[in-house]
Structures are given as structure tokens and as C-alpha cells.
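Note sheet for the following structure.
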Amino acid sequence: MKTPLLALALWSLLLQLGLTFWPSSVSQNCHNGSYEISVLMMNNSAFPESLDNLKAVVNEGVNIVRQRLLEAGLTVTVNATFVYSEGVIYKSSDCRSSTCEGLDLLRTISSEKRMGCVLLGPSCTYSTFQMYLDTDLNYPMISAGSFGLSCDYKETLTRLMSPARKLMYFLVDFWKVNNFPFKPFSWNTAYVFKNSTESEDCFWYLNALEAGVSYFSQKLSFKEMLRGNEEFQNILMDQNRKSNVIIMCGAPETVHTLKGGRAVAEDTVIILVDLFNDHYFMDNVTAPDYMKNVLVLTLPPENSVSNSSFSKDLSLVKNDFTLAYMNGVLLFGHMLKIFLEKREDVTTSKFAHAFRNITFEGHMGPVTLDNCGDIDNTMFLLYTSVDTSKYKVLLTYDTRKNYTNPVDKSPTFIWKNHKLPNDIPGRGPQILMIAVFTLTGTIVLLLLIALLVLRKYKREYALRQKKWSHIPPENIFPLESNETNHVSLKIDDDRRRDTIQRLRQCKYDKKRVILKDLKHNDGNFTEKQKIELNKLLQIDYYNLTKFYGTVKLDSMIFGVIEYCERGSLREVLNDTISYPDGTFMDWEFKISVLYDIAKGMSYLHSSKTEVHGRLKSTNCVVDSRMVVKITDFGCNSILAPKKDLWTAPEHLRRASVSQKGDVYSYGIIAQEIILRRETFYTLSCRDQKEKIFRVENSNGVKPFRPDLFLETAEEKELEVYLLVKNCWEEDPEKRPDFKKIENTLAKIFGLFHDQKNESYMDTLIRRLQLYSRNLEHLVEERTQLYKAERDRADRLNFMLLPRLVVKSLKEKGIVEPELYEEVTIYFSDIVGFTTICKYSTPMEVVDMLNDIYKSFDHILDHHDVYKVETIGDAYMVASGLPKRNGNRHAIDIAKMALDILSFMGTFELEHLPGLPIWIRIGIHSGPCAAGVVGIKMPRYCLFGDTVNTASRMESTGLPLRIHVSGSTIAILKRTECQFLYEVRGETYLKGRGTETTYWLTGVKDQEYNLPTPPTAENQQRLQAEFVDMIASSLQKRQASGIKNRKPTRVASYKKGTLEYLQLNTTDNESTHF
């Protein structure tokens, strides 16, 4: 047994992986006058027709469609393609194993690209639901079956056999009826019999009635499932049974088998659901005795009429399953005809969603579909006449109008007085009971009058004994300065919000409390308001915040309320850092939060306060133990209700409060918790005022509500999703109360720990353990972020100051100036920089300097030098400080200067094409002092005659030349590197007199592509020559149409921001050392 199941599971997984993106790759065979129907021929069907018969029915339907289109003047081709399952894995006749088969058929269509205009089938609920769950099915699907609730509200699914939803609506309506001559009592209880031998339709009908969150279950005060024949037979004569009504599904033979000739209590009513059986309408059919206390719910033959007498020639040509396949083909033909006549495309989404709210001509007559694509029809409730032993129509139910019409107002029932009994045993209109009730009523009336008088006396006495008084202001203490509001793990903590919150927090009776503004000026409360405040004082429940009283501060009245450390539930949902989804806010925790709110509201509704009136996620707070508590309840006569996203639609239209309105608000909060999105999240609308307007003015069967994606919900989530949707029903009477919500969530919550009940302490300890583990994870994560930010700050500091200087500043707070015996200093500037600026915009100048200096910085990375600063077009570099390197300082500066000069020979300005950029370079070696100057924006500066001499060497040099002093040449001669240089001659240096200087031209055995210096020796001739070059470059730019760079606040916008300001420019920090 395990091997087939394992193979089936693996096959299902492979199919799901293969079908994830199926719809986008399938091409429809639905164009150019040729239209196909894809029929899924599934072996795994529990319905009473062979595949050969179904194929014949579909082909007959296609012929009818062709004839109808031809009569309408539409010459097109309509065909049906039949897709069969292959292999031996699908041989079971059980619909429960049809999941993989349906996906396999879709895979076949996908791989062979045979998708038609519409899918016909499958019929099994399991298969249909899985296809919609695992694929993005954007094509219309017509099903002869798919009865389950899980297939409700699918946008492209059409069902041509009555689904379970229609059955539930009838039962709820019939249970409510109490004004028919034969049914004077409304029913609120039922037993539901279910075993493992039901047909496919019965299985899903009874499954819907069993579901705890279904519409039927919500309306009953008692419902119990009977499983197995023994339980059914025991309940028939059980004097202690809780209901007289038993619902079952099957045929008359099923009733006979279960009863087995046993006696049945006279007030027992069996409701037999047998929708697709025409046995009851056949001629000469006599109802057996065991059917006399049975009411049969069925569908009439397609050609019958709605009255109590049956024609003798009524019979069904085909069974309902075959007829549904035939009508499915005719439905497609009807829609195809409409679209072709309008000349609209049938491959669009509009066609897929068009199978709604229509009536078409079926094989046996008109067929009507509702707004969900489900078939509408008229159900018959039959009874057995004790006079004629014939089946007769008791009433009819129109599923489209939800209307029950009594047909036989004087039925000849087997039950007493020809009336249906009460659903609760022992209740009925007996004369003795009437007398007892009359006497009891008189006594109760007298007692009621006495109680009213006593209650009024007690209330007046209580007000006299405890007149409302405020808490003395001197008992309210402000928070101390070292007390914080909350613990936050966010690095960018919002201090402004913290200040606002502190204004509302105080201490009372050594406890931290919140002051709630009651919008009351003088504090002279009315008697009604005092009663409300007294009720609040009496509430003490662990899921409700404690109310301590009121206090008057600064001519304002505040309510003093218990403080919860973690803030509102809305803040917790927004804080994805402290409460992440993956490790903390999981599905179990969300269920526990919903359970906490439900318990608090259930207690509040059963208390004297009775209603909240302002329930929303900001009025649900979380304490230090991760327990959710409800606050801001009561005081409805003091604080007027407001219109917001949590307000029920009936209260938006007319301002008031109610318990059912609280249930609606709970549903909105639940959607916030489940999706962890903003309040009333929906993709179709973002504006808050528009949302409120659409909720208030919504009408029809599908009112405006937030998004809750049932299609993608997991199996464990589906029951909660349905519960939430029931909470925001438009009709308040259809919403469950909080007691039922609490019980449903208690059952779901217990399943997480394989237990039905968990103590409060167990829940509390488990939550704190979960939060502790999450806190450890967050602390570790924040520590890593802190270290990363610290390293980032260090890298930035190392770019601004030398590493040794930064460490000294961090450790000692000061940097001692230091004298260096011998260093080499480099200066350079741009020749004609002012002239270039004259013909350039400011942003072009910035771009030019950025392009040049970032290239210089890259060159510095390959030498042991330290960039001191840049001022305008001047560029200063030193070697031998702050880290001493022997005689290497002169070598590194000399090679760096050669690399820079070589680069300038290839550099070209973007906004002045063809213009060479000339630089002058000066180098000098000698002693130097260095230190940090200033407190704000500290700079590492160099001092001494060596700095001035190096500057003079640059200023007295010539374009595209490296001007070197004699001291530097002397050092280079002492090294192993054989530098090439030329004697310039005697040069006058301001402050030093005349000295012999040199031109550095290269290194032996190394090639440097140095640019050729300009030939002019006269400075004025050089300047004139340079101006001519600029003019020529401007003419060239104008002729070639080169545009200036777009002005921007960030230079080099097209290439990125200034690279020497970025921290991650290079991992090589040798630039500075």
C-alpha cells in the first residue's frame, strides 16, 4: 500500500513543478474559425457513466452546437478533443485519488499544446481544487460535479450540478421557518449522519454540513455528527437525545438498511438528501412504510412542473451527470455564439469570466447560472402521505431567489396533528404544558415586577454607597527621567514618537499607567456615565486592560488604564525587525494572537459592558509577556463612535454600536494579522476615504471587503480564512458570535500541541521562550550590524586621516606632532587652469577635477605614498610619513610622478575634445614636521621649509615636466634604481636663492609613455598658444555637436558619484602608508 502512495506523491510533486508556469506557455486552439473543447476523460471518476458514453454525449452536444451556430449564420468549426490518462497508476474509482490525474491531464495538454477554448471536467472536487491551487488557470472550466465548499467562488469555474453551498442555504432557510401551517417551530439543532460509503455528491454535501465554520454550522445551537450504523440506530430511540432531526444522504434503500425494522420515536424527523434520483416521480411508485417519517430533498425531472401531482409520463431521458456534460457543451456554444456575434475575442480574460448570471437553452430546457457560475434550480421537499402511501410535494425552494414556497398546506403527515414536531425532544404544544407555562408565566411576571423594583432600589443604593469620584491628582506621579517607554532593537529609533508617548504615561499605585483623554471638561458625569464607569471598575480579565478610575489634570479628565510595555498590536505588526516573520511571527503565534482577542471579546460581551464599539488593532495592546489585551472599551456614552476602516457597514450608515459590529471589526483585525499588511489591505483600492465610502455604499451579493486569498491558502489556514470571511458578512445575522469564534480557535490552537486544552501558564511560558530565542537572534544580528558600521566608520576615518593618527585619536583623544628627518614631497598643478575655467561651466570644472584626481588616486594605490590634500587644481603627496620607509620615499614619489605624467599624456577633457592638459610637477626632499590641526574637521598637515621648497619647485617648473631638486637627486643616486634625469641649470627659488635643479625623464630599462613638453620657453607664448588650443577645441565641439554635461549636484553623474568619497573604492589601503 505504501509503494503506490509514495509513487503518487512523487508524481504529484513533479506535476506541480511542471505546471507552475503552465498557463503562460500554452497556446489555445481557439482562433481562425476553429474552436475546440478540451474534455478531460478521467478514469478516477465515481460517477455512473463510462468514458465511452460520455464521449458520445459530448459529440452529440457538439453537433447541436454546430447546428445552432449555422442557423445563426455563423460558419465556424467546433470540435471536441478528448484527453485520456495514460499508465496504470490511475485505476482507482475513488475520487479521493484523482488529484494527480487531473494535473497529469493538464500536463498532457500543456506539452502537446492542445488547449481548447474551454475545459470540460473534471467532476471530482479533489482534482478541481488542486488544479486551481497549483496552476494559474485563466481559462473557463465547466464541471459536472465539484460539489465541495473548496470549489466555491472560483472565478473561471462553472458547475452544472447543485453544489453543497445551495444545499446549506436551503437547510438554513427551512430551519428558520416557523410560520407554515405544518411547521410552527423554528429549528436550531440537528444530527448529521455520515459514513464511509457515500457517493461523491453525498460525501461533499455532508462534509459541508460537518465543517465548523460553514454557514449551516454557525446558525445551529447544537450539531453532532453520527458516524457508523450503530450510532445512527442508537439515536433513534434514545430518550436523552438532544435533537429530533437527523440529516443523511443516500437513497430509500439506505434508510431501510439503517433502520433495519427497528422502532423509531414518533417525533423523529429524517431529512434524506437525494437530489439526483428520479425514482420518486415515476408512475406507480409506492412509498414503503419506513419512509413515512422521512422528508426527501430532491430535484424534479427537467421536464416536470412545480405542483403536487405528477404527470404519468414524466421520466428522465439521461441521468443528471450525463445531462450536465451535455449542457456544458451547449453552454460553451451559447457563449461562443454571443462573442462571435459581437466580434469579440474568445481567448481573452473577458470570455473566461463571462459564464456568470446567464440563462441558456439546455438539452431539456432553460438552464440558469448564478453570479458565481453555479447552476440554479428548484429543489423539491417530498413527504409520504399516510393516506395514499405516495410521495407528495411539501414545498419547493428556488435557489436563485432563496425563496421557500409551501405547496401542500395540509399535508397528511405521520406526525401528530399533521405538523412537524419541535426539533428538541419533549417540547410541543401539549395542553398540560400550555397550562404549566401559563401558570409559570404569571409567577414569572410577578417575580419580574418584584425584581425590577428591587433592582432599582439596589442601583440607587449602590450609587449612594459609591458615588463616582476621581483619583486625587497627587496620587498620579510622572515617570522618572531614567525610565524608558519600551525596548527597541532598531538602530534608527524614533525619538519623537517616544516623547509623544511619554506625555501620556504616569505612575499610579507604583504601577505604570496610561492616561486616556475622555474629552470631558468638568468631570461631572451623568448617572448613566457613572454606571458605565462603575462597570469598567468591575472588569478584571487577563485579556482586558484594567481600568483604575479617572483623574483631573490641567482642567482635563483622563481615564487611568493599565499600561502594556510593547505597545499596540498595530505597532508590533509594523515592527518587522523586533518581530520577524520567519523566526517569531509564525502561523502558530498569529493564531494565539487571534485567540487572545477572541477570549477578551467573548468575556467582554458576556459582562455588563456588553459591547466594545471601538475595536481595532490600535486598541489591542501587547504586554511584556506577549499576551494581547483589549483596551479602550466601554464609555460609549462619553466617547462617540467614529467612522474608520474597522467600522461595520451598518454602523457606517447609522452611527451606533453592537456586538455583531464588534465581530466585523475583529474580522478586519484578523486580516491585518494574517497578511501582516496595512489595515483593510486590498489591491483594488489604496485611499482610506474611498475604502470607507465603498464599504458604506456597497450593495449586491459581493460587497467591498479587503483581500484574503483563499486560493493560495494552505490546508491548515483554510478554516481560519473562512472564519474571517464569515466575520465580515454584510448581513450581521450571518456573522458568528465570539463564543463560537473562541471555540473554533481553541480547537485549531490545540492541534499545534496535540492537545485540546493548554493551561494559561503553559501558553505564557512557551511564548516567552519563543520571544527569548528571537531576542538572542536579534541581538546577534544587531551586533553584526554594529561591527559592520564600526568598520565602515573606521574606513572613512582612514581615508581622511592616517591609520596611526586615527588609532591615537581613538585611544588617547590627542595626536602628538612628530618630526621626520627625511621625507619627499610632491606638488603638481594644472597649467592654464584659470583659462580653462573661463571657458567652462562650474559643473564642467568639477567633473574635470574629479576625472583627473580619481585617476591620480588609483595611481597612488600602487606606491607607498600618502595623499595629503587637494586645493583647487593643486595636488599634494608625501612619502616617508606618517610611516617611515628609509630611502624608499624618494623612489616612490619619483615613480609615482612618472606614472602621473604618463597618464596625463593620454587624458582628454570630455567638454573640450582635443585640448591637452598640461601639469607642472615639483619634487623636493628634506626634514618635515606633521600633526593634526583643529578639533572640527581635523586635518593632517605638514610644516617646514621642505614643504615650501617643494611648492617652489612646482611653481618654477614647466608644463609636462617633473622638476626635481638636488636633494632628491642625491637620494636617488644612493639607491639601486637608475633614474634618468637632465640638468636644468641654475633656478631661482624664492627664499632659498639660486640652486641647480633637474628634469626627471624616466628609469633605465623601463618605458614610460611620457608626453612631449611644449617647445615654447617664454611664459607669454605658452599662454597664447594654450588660448589658441582652447578656441580650436571649442570650434571642434560646436562643429561635432558635442553637448555639455547636464548640470547636476553630483559631479560625474554619468559615471557615478565622486569615487574618492566612496568607502568601497578599493580594499587596498596601502594608498596612505
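Glycine residues also receive a Cβ, built from the backbone N, Cα and C atoms like all the rest.
Here the structure is a predicted model, which means the values were calculated and not measured.
Here Swiss-Prot flags 1-23 as signal peptide. Swiss-Prot lists 24-433 with the feature topological domain 'Extracellular', giving sequence analysis as the kind of evidence. Summarising the annotation, Swiss-Prot assigns N-linked glycosylation site to N32, N43, N79, N195, N284, N307, N402 and lists sequence analysis as the type of evidence. Taken from Swiss-Prot, the feature transmembrane segment applies to 434-454. If you look up Swiss-Prot, you'll see 455-1073 marked as topological domain 'Cytoplasmic'. The domain 'Protein kinase' feature in Swiss-Prot is assigned to 489-749. What Swiss-Prot records for 824-954 is domain 'Guanylate cyclase'.
Taking the features listed in Swiss-Prot, we show where each one sits on the structure.
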residue	record	DSSP class
N32	N-linked glycosylation site	coil
N43	N-linked glycosylation site	coil
N79	N-linked glycosylation site	strand
N195	N-linked glycosylation site	coil
N284	N-linked glycosylation site	coil
N402	N-linked glycosylation site	coil
So what's the mean pLDDT when you look at the domain 'Protein kinase' (489-749)?
-> 85
The correct DSSP tally for the domain 'Guanylate cyclase' (824-954) reads 52 helix, 39 strand, 40 coil
Between N43 (N-linked glycosylation site) and N284 (N-linked glycosylation site), the C-alpha gap once rounded to whole angstrom | 37
Cα-nearest neighbour of N195 (N-linked glycosylation site) within the listed glycosylation sites, N32, N284, N402 = N402
N79 (N-linked glycosylation site) has its Cβ surrounded, within 10 angstroms, by a count of other Cβ atoms equal to 13
Around N402 (N-linked glycosylation site), which residues of its chain at least 6 apart sit with Cβ under 8 Å of its Cβ?
-> Y169, D173
Here are some glycosylation sites: N32, N43, N284. Which one has the most Cβ atoms within 10 Å of its Cβ?
-> N43
Spacing of the two Cα atoms, N284 (N-linked glycosylation site) and N32 (N-linked glycosylation site), in whole angstrom, works out to 54
N79 (N-linked glycosylation site) to N32 (N-linked glycosylation site): how many Å between their Cα atoms?
-> 13
